[in-house]
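According to TrEMBL, the L-glutamate binding site annotation covers Pro63, Thr65, Arg70, Ser229, Thr230, Glu276. The disulfide bond annotation in TrEMBL covers Cys288-Cys341. Residues or ranges marked as domain 'Ionotropic glutamate receptor C-terminal' in TrEMBL: 1-339. Residues or ranges marked as domain 'Ionotropic glutamate receptor L-glutamate and glycine-binding' by TrEMBL: 1-54. Annotation source TrEMBL lists site 'Crucial to convey clamshell closure to channel opening' at Val208. Under the heading site 'Interaction with the cone snail toxin Con-ikot-ikot', TrEMBL lists Lys235. As annotated by TrEMBL, transmembrane segment applies to 360-380.
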Amino acid sequence: MAKGSQLEGFCMDLLSEVAKKVGFKYKVKLVKDSAYGRQDESGSWNGMIGEVLRGEADLAIAPLTLTAAREKVVGMSKPFMQTGISILLRKDISEGAGFFDFLTPFAPETWIGILIAYMCTAASIFMAARLSPCEWSEAQSERNRFSFLYSLWYTAGGLTLQGAGPHPKALSGRVICSSWWLFSVVLLACYFSNLSSSKTPESSHLTVKGFEDLAGQDTIEYGCLAGSSTLAFFKNSNNPVYRRIYEHMERTQSFVSSMDEGVKRAKEGNFAFIGESVSLDLAVARHCELVRAHEVIGMRGYSIATPLGSPIIKNLSVAILQLSEAGELAYLRSKWWASSCIADKAKPAAVQPHSLKGMFLVLALGLGLGTLVAVLELTFKSRRKAAEQQKPCCTVLTEELSLRLKNSGANKPQENADKEKP
C-alpha cells in the first residue's frame, strides 16, 4: 500500500521489526513485473523469486507462499503468517437460509426472557384464580377450573392471539390477562417486523458456502490469480472437486492478472475470486459488500525469500519466531486487518432484551397488580366472614389461604366437576 512516496502495510512493519532484531539496513523497491514468482516452461523464474535468483534483490518480503518449488531455488524463512485458500464473494450470493432462521429476529437472551415471562404469567393466573373468591368462591365445595396446566395452555393461547376459554371472571385475573395480551401484541409486532426485514427473496441469490458448492453450479463464474500458487494447488490436486474447479478455470480462462482485479470482479457480482484467505480477509475488511467463505483449504505459510545458502536466512527465522512469541505478529495482524465496515443496515440486528424492557416492565406491573388485587379480594371476603362468625380476621384469612393453597381438588379442571354433577 502506497502512502504518498512511502510504502506502508503489514510487510513494511514486519521488515522494520526484523531489521531491528537482525541488525541490517535496507532499501525497498517494487518488483518490476508485479509478480510473486513462477517458473515458466524454460525453467526461468519471474517476479520476486526471479529477482532474488538473479541477485537483483537480497531478499523478498511479501505474501509469498512457501512452496516446494520455491524452496528448491531460494532460501525461505520460517512462515510469519499462516494462510490457506478460500473464496471471495458478494454477500448476496454467499448467504443461505438455515433451519432455525425463524429465531433470528430475537437474541437468545430475549427468547429466555420471553420464556420466563410466559412461566411467570401462567403462575400468576394460577395463583390469582386460587386466591380470588370471585374466581373460586367456595374452596371446600367447588373445584378450581384453573389448574396449572390449564393456566399454561391459556397463556399460550394468549401469546398466539388465538385465545382459550373459559376466561377469568375475577378482576385480578383480568388484570393479569390484559397485561399479557398487551405484551403479546407488541412482542408479535416486533417479531414479524424484524423477520420480514431480514428476509430476501429466495431467487435473488445463490448459496455458495464452499468449494463443493462452487464446483457444483454454473451460475456464477470463478477464477484465481494467473500463475499463482493457488492455481498450482488446484492443478496438482487429486481431489475430484478441486480438479473440476481447475478444469473449469482452464476451459473458461477465468484468471485475473492481479489481486485488485479479482476483488473488483467479485464486487461487481456473478464472480467468485479464489485466493489466499489472508488476502481475502483484508479485502473483506476494506469492502463491506464482500464476504469470505468459511471453508479454507490447502493451509500454508507466508515466508521471506533470500538467495539460496544466504547466511541471513537463519537469523530471519529466529527474528520471526521471537516476534511471534512476543505477540508482535498478532498485533500487526489486528492493526492492518481491522474492519472499517459498519453493520449491514439491510439485515437488522436481533432484538435485545433492553429493547423490550418497557413491555417487560408493564407485564411485571400487571402481574404484580393482579396478584395484589387477588389478595385484597380474599382479604375483603375474610373480613366479612370473620364478622359473621365473630372470629379474628387474621385467623379466617389464614384458614382461607391454607384451604386454597393446599386443596388437592383444585388441581382438577372444571370440566371434570361438571361431569360429576347430577
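The count begins at 1 with the first shown residue.
Cβ coordinates are placed from backbone N, Cα and C, and glycine is handled just like the others.
A TrEMBL annotation is a machine prediction, not a hand-curated record.
It should be emphasised that the depicted structure is a prediction, and the values quoted were computed from it without experimental measurement.
Taking Cβ-Cβ distances under 8 Å and a sequence separation of 6 or more, the neighbours of Ser229 (L-glutamate binding site) in its chain are Tyr36, Thr65, Thr67, Arg300. Secondary structure of the domain 'Ionotropic glutamate receptor L-glutamate and glycine-binding' (1-54), assigned with DSSP and counted as helix (H, G, I), strand (E, B) and coil, comes to 20 helix, 6 strand, 28 coil. Residues 113, 117, 120-121, 124, 127-128, 131-135, 170-176, 178-180, 182-183, 353, 393, 397, 400-401, 404 of the same chain, all 6+ positions outside the transmembrane segment (360-380), place their C-beta atoms under 8 angstroms from a C-beta of that stretch. The most densely surrounded of the recorded positions Arg70, Lys235, judged by C-beta neighbours within 10 angstroms, is Arg70.
Rounded to a whole number, the C-alpha distance linking Cys341 (disulfide bond) with Pro63 (L-glutamate binding site) is 24 angstrom. Ranked by CA distance from Arg70 (L-glutamate binding site), the recorded positions Val208, Lys235, Cys288 have Lys235 at the top as the closest. When the recorded positions Val208, Cys341 are compared by the number of other CB atoms within 10 angstroms of each CB, Cys341 has the fewest.
Report note: the L-glutamate site is defined by Pro63, Thr65, Arg70, Ser229, Thr230, Glu276, and the residues of the same chain whose CB lies within 8 Å of the CB centroid of those residues, excluding them, are Tyr36, Leu64, Leu66, Thr67, Thr83, Ser228, Arg300, Tyr302. Between the alpha carbons (Cα) of Thr230 (L-glutamate binding site) and Val208 (site 'Crucial to convey clamshell closure to channel opening') lies a span of roughly 19 Å. It is 16 Å from the Cα atom of Lys235 (site 'Interaction with the cone snail toxin Con-ikot-ikot') to that of Glu276 (L-glutamate binding site). Residues Pro63, Thr65, Arg70, Ser229, Thr230, Glu276 are listed as the L-glutamate binders, and the farthest two of them sit 17 Å apart at their Cα atoms.
Thr230 (L-glutamate binding site) has a Cβ environment of 21 other Cβ atoms inside 10 Å. In this structure, the CA atom of Glu276 (L-glutamate binding site) is 18 Å away from the CA atom of Cys288 (disulfide bond). The average pLDDT for the domain 'Ionotropic glutamate receptor L-glutamate and glycine-binding' (1-54) in the predicted structure is 86.
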